[in-house]
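Visitor: Let me give you the structure first, and then I'll get to my questions.
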Amino acid sequence: MTTSPEQKTVQTRTNAHAVVAVHSAKGGVGKSTVSVNLAVGLAQRGLRVGLLDADIHGPSATLLLGNADWPDPGPEPNTIHPLKAHGIHFISMGNIANKQTPLIWRGAMVHNMLSQFYSQVLWPELDILLIDMPPGTGDALLTTAQADPPSGVIVVSTPQELSLLDTVRGVRAFRDLNVPILGFVENMSFLSCTGCGYEDDLFGKGAAEAVAEQLGFPFLGALPIDSVICDSGDAGVPFVLARSASASVQAMNAIVDKVHAGLDDLDVLGAWSLEWAELDWLTRVAEPPEQREAAGYPLRALWQVSRDELGLMWADGTTQIIGTRPLRLACPCARCVDEISGEPLLDPDTVPSDITLRVVKSVGRYGLAPVFSDGHKSGIFSFPYLRALGAPG
Ligand SMILES: Nc1ncnc2c1ncn2[C@@H]1O[C@H](COP(=O)(O)OP(=O)(O)OP(=O)(O)O)[C@@H](O)[C@H]1O
């Protein structure tokens, strides 16, 4: 994965309690099919769901959701409203590009377009924003991580050896960005004969599950090869909406239930944050929901000590005070630290001496994501990393 010089901080208007990426390192394995059905399935369970189709070269959401309308313009120049379909909000290049437009774009153009999906789409408040990632581990992955660091990633793979090799590569890329893997979905797992029910393990059913187990990640479920999945995709009606007892609909619903339960476990839906203030900072204290402490959450409170100092109280009662500039200089994200060598990439002279914070958001159960006043926000600071940053105050 490379950082091109054109890449800049991405401003975002996303307004979601949780951002979850759906990724497959290999193309055509059914990642968009899983994304769309997961989004609609979670909406059926009462969540406010958005879907950002980040596959700029090969957008699918427009077709799979059956809405090819142009987005309505927003009240401010260069802003648009997301589209709606089957109870979710979504945006896709397929709703913006002319069908005849060849989508052969350079990395920087993809980055710019994707950044606009974050900065110019007027997302409503969402419980969860799913990002349908393009295949591979290219620039889109970095743009996504910079714009709004995902709380987790769902990995989609078919069971073939070749697909799994790529999948492991993709998992490493997310691990380097400190994004936790929420689980694996095995698509096109087997072929079931609608006549006699005979199952043909065409590609080696269970291989993706075995890899998930080997790597220590949850397995979310397997989807069969089913013409209903393909036909409903072509018809723009997600198959999870079918009121049928078919094996694929049941399997998809089981996957949605597991993801839903996983979001609760990760506490991403009960996300909390601390808004920073220029004045009046003594009133700025944020406390995580009480039940978290019982569940072993390591942080008891977060507060603004002064204009440029952040206070943390850990569950064992110790407090720690960290200056906002040292915090910015310690950012562990892929733009500030070389992913492979671990060498620092951030030039300290580029960090303003009077830097402060705008907001500090919780990320799952494992850390905090600060948004700094210079616009930088791609760093996820795990709790152990934060604790190691400074002696208790
Ligand atoms: N389990 C399945 N059974 C039958 N057809 C499927 C299944 N999963 C996906 N498909 C079909 O395979 C095609 C590719 O699926 P999809 O677009 O979801 O893959 P993708 O991984 O997102 O592709 P891309 O790499 O282009 O982003 C679509 O026509 C879809 O309907």
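Cβ atoms are placed via backbone N, Cα and C, with glycine included.
Nobody curates TrEMBL annotations by hand; they come from automatic prediction.
Taken from TrEMBL, the feature ATP binding site applies to Ala25, Lys26, Gly27, Gly28, Val29, Gly30, Lys31, Ser32. TrEMBL lists 307-387 with the feature domain 'Gamma-butyrobetaine hydroxylase-like N-terminal'.
Can you tell me where each of these features sits in the structure?
Guide: On its own chain, Gly30 (ATP binding site) has Ser24, Val156, Thr158, Asn187, Met188, Leu223, Ile229 as residues at least 6 apart in sequence with a Cβ closer than 8 Å to its own Cβ.
Mean pLDDT for the domain 'Gamma-butyrobetaine hydroxylase-like N-terminal' (307-387) in the predicted structure: 89.
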Visitor: Between Lys26, Lys31, which of the binding-site residues has the fewest other CB atoms within 10 angstroms in the structure shown?
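Guide: Ranked by other Cβ atoms within 10 Å, the binding-site residues Lys26, Lys31 bottom out at Lys26.
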Visitor: Identify all same-chain residues not among Ala25, Lys26, Gly27, Gly28, Val29, Gly30, Lys31, Ser32 whose C-beta atom falls within 8 angstroms of the centroid of the ATP site's C-beta atoms; report them in sequence order.
Guide: Ser24, Pro135, Val156, Thr158, Ser163
Visitor: Report, as a single number, how many Cβ atoms besides its own are within 10 Å of the Cβ of Gly27 (ATP binding site).
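Guide: For Gly27 (ATP binding site), the count of other Cβ atoms within 10 Å is 14.
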Visitor: I want to check the contact list for Gly28 (ATP binding site): same chain, sequence separation of six or more, C-beta distance under 8 angstroms. What comes out?
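Guide: Spatial neighbours, sequence-distant, of Gly28 (ATP binding site): Pro135.
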